[in-house]
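Features as listed in TrEMBL:
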{"type": "DOMAIN", "residues": "20-167", "note": "domain 'MacB-like periplasmic core'"}
{"type": "TRANSMEM", "residues": "21-41", "note": "transmembrane segment"}
{"type": "TRANSMEM", "residues": "232-255", "note": "transmembrane segment"}
{"type": "DOMAIN", "residues": "238-360", "note": "domain 'ABC3 transporter permease C-terminal'"}
{"type": "TRANSMEM", "residues": "287-310", "note": "transmembrane segment"}
{"type": "TRANSMEM", "residues": "330-350", "note": "transmembrane segment"}
{"type": "TRANSMEM", "residues": "405-426", "note": "transmembrane segment"}
{"type": "TRANSMEM", "residues": "680-707", "note": "transmembrane segment"}
{"type": "DOMAIN", "residues": "685-799", "note": "domain 'ABC3 transporter permease C-terminal'"}
{"type": "TRANSMEM", "residues": "728-755", "note": "transmembrane segment"}
{"type": "TRANSMEM", "residues": "767-791", "note": "transmembrane segment"}
Amino acid sequence: MIKNYKTVSNRYIKQNKKRTILTLIGIILSLALISTMGLFMKGTEKSQIEQTKQEQGTSFHLMYKTYNDDILSKVKNNPNILHYGNVSMGDEIKYKNITLQEQFVDSGASEILKYVLKEGRMPTKSDEVCIDEWTKPHINFNLKLGDKITIDKKEYKIVGFLKTYESMQRKKTSRAIIFDQNKKDGQLIAEINPKGEFDQTLKTLKSLSEKENIEENHSLTRIYQEDSNKSMVALTGIVISIVVIATIIVIYNSFQINVAERMKKFGLLRSIGATKKQIRAIVFREATILLIIAIPIGIVISIGTIYALQRVLELLMKENTPISIVSIDIKTLAVSAIITIIAVYISSFLPARYVGNISPLVAISSRVAIKKESIKKIKNKTLNKILNFKVLMALKNIGRNPKRCTVMILSVVVSATLFITFTTLVQDAIMLKGTNYEYQNIELEIGTNSEFDNSKVDKDLIPRISNLDNVNKVYLKYPTISGDLEISADKKAKEAGDIYEIENLNGSLKEFMHTRINVYNKVTLDALKKYLISGDININDINSQNGVILVSNGVATDNTTKKRYTGKLTNYKVNDEITIIDEYSKEHKVKVMGIIEKNIFEREVSKNALSLITTDTVRKNLTNKEVEIANIAIDLEDSELHLKNYEEIYNMIEDNQDYSMVDWVDANATQKSGVLLIQVLVYGFMTVITLISSINIINTITMNITLRRKESSVLKSIGMSQKDLKKMIMYEGVFYGLVGGIIGSIAGCGFTYIIYDVLEDIVGLAWRLPLKLCIITIVVSIIISFLSTLIPMRKIEKDNVIEAIREG
């Protein structure tokens, strides 16, 4: 027995569990999308900060090169300072064949510098020390934590090993970090609490001393500063707006379909005395009940997604210290819940007002859902011949109910737009920071202090190193050739802008571009083959034709706008001839034999310079000089045994002081961690977007077709077979997928153009039409829409025709 009209909402929800679940899924997915998006952004910011600290080995924001008691007092008493400390440089002490540089730190500095640790802890007593890990082969290969070492006639206990950095190894100088709480004659470093007034605190700290005496850690401070992140704030605003609009549309579709199906029931309530206000109250009450159920579930799903990605990251990083992407921000979750609540009430208001204003008689007869159409003679006989009657019936059904058609197509448009927009963004995020390069597989490197012609590494080392256990490959690098190339108008990349240099040559202005030719051995060039985008790498052809491999992409700065650009630098193609003028004003002609996007063997990329790759034979042809080896790069089978191989190779070269040896294992681990982090974040987010978009389409189409039972039964009653009915509805699904996919692709391209316009100042990426992605989106939309029609058709097949017509 119904005591109150409001209990109708409860009874409907209980009696129509399947339809309620479908509506509930729409709300849950929308909330999960918004909250996951917010948590992704928070997690990305947190991981970016952690990654920067790990790369730099420190967390300070500002450093005073010298300071007095007044500066120390103001830093110490500033409530927004998280940590501060003193770092004093001591003596450089010779230890066997390396140098130990004393660094004295107090407790505050130890906390700030803890990110430099690879193993162990920072010193807390005056007789404890941390040293670089690469020093083990130089001191004692079996050196471990807890061992004793004598530095400047004083014995210290080793409590930590530090990460390896290239510059320290080349200078054969290791840090020896020693605890000393009383030293005050060094540098003062300070870390600002990011939860406080960061910008104001940074400004205050800068005002305490002259500009020349202050060193700011820009890599960290710009992440926190509001002014430096205007473009990112604008980007975030655009992205959130897209997601919120999509959320409202998804929820509106669910309510619109739900209310339309119950039109007759609402008409019956109106006929027995229910007012418009009461009808609207029923709809709003249902929305409230669904919100109470959906909000906790949606939040749990979003949090679970973040933790699942964190777990994936930990499994992929294995022995490396994983960077946390978990940032459960209560404010973000609360805002997401509020947006969803507003979206649900807005979405339910329109259908509630619509159903409240309909005449009870019209609602009971269900005539409101059927639009009378004018009878027109079809003049296009060709179309009739091409299309069978099932396709024509599907098209007429679509045109007969424009509102239903709009809801269905809009659902596909939203999903396609979300997919295009975010997939384009994550693809370029991977291109910028999420790619593994071959140099990350090079653990050890032997070189000299110069890359030019006077550099020389003994060739006899190559077979000796190659025969060592655990050595996989040996790559050889030869001295580079630097110069300029004259570039004609047709070979300029228009999208790159004004990146070329103008020079007066023989009375006429010519445009040039700086060029570097990297020279490698056959093993290295063979490794490049899998990265070719056109042409071929044939050593014999390269040597006989003075051939080069063109690296098409690079980084440049526009000379006019000063904007950064990342992408294609020229329009050279395979078989084109390039004339290079070297540093001695000699001309060299080379032929493009193949093209790759990036030089995956170089850690540093020269700005505003075109990179070419060739062999030592071609270098000799161009310079008429014997080619000496500049570097030997070594790829190990097991990087965990790098110290053992380091010691073996160092024993071969220790008598020659001109050699320098670099252990890249720590640098590679840091870079690979960053790559994995980007990949997990972007692929995880793409998976969430794809899943939500797909379920949204399935949910909308399933609900819509399920609610057309009477219409389907009428068609069967006048002679349409179940098979033909099924095909007709399938054609409708294909139409929704096709039209929605096309419109969604256009909308997605529009949004990506706006986003790239904002991103141009940050990363210098030029917008490109994502044609391939648009085609994939349209095809996938058609497939999902087609498959979505199969789910409700199974129920319609079992319907009794007479009962279904009577119930409708």
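In case you wondered, yes, glycine gets a Cβ from its N, Cα and C as well.
Unlike curated entries, TrEMBL annotations are predicted automatically.
Of the candidate ranges 21-41, 287-310, 330-350, 405-426, 767-791, 405-426 contributes the most Cβ pairs within a distance under 8 Å of the transmembrane segment (728-755).
With Cβ pairs under 8 Å as the measure, the transmembrane segment (330-350) is packed most heavily against 21-41, out of 21-41, 405-426, 680-707. Using a cut-off of 8 Å between Cβ atoms, the transmembrane segment (405-426) and the transmembrane segment (21-41) share fewer than three residue pairs, counting only pairs 6 or more apart in sequence.
Nonlocal intrachain contacts for the transmembrane segment (767-791), taken as residues 6+ away from its ends with a CB within less than 8 angstroms of a stretch CB, comprise 412, 415-416, 419-420, 423-424, 427, 694, 697-698, 701-702, 705, 729-730, 732-734, 736-738, 740-742, 744-745, 748-749, 752-753, 756-757. For the transmembrane segment (287-310), same-chain residues at least 6 beyond its ends with a Cβ under 8 Å from one of its own Cβ atoms are 9-10, 13, 20, 23-24, 27-32, 35-36, 39-40, 43, 255, 322, 324-328, 333, 336-337, 340-341, 344-345, 347-348, 680-681, 684, 688. Across the range of the domain 'ABC3 transporter permease C-terminal' (685-799), the DSSP-based residue counts are 100 helix, 1 strand, 14 coil.
Taken residue by residue, the domain 'ABC3 transporter permease C-terminal' (238-360) breaks down under DSSP into 103 helix, 0 strand, 20 coil.
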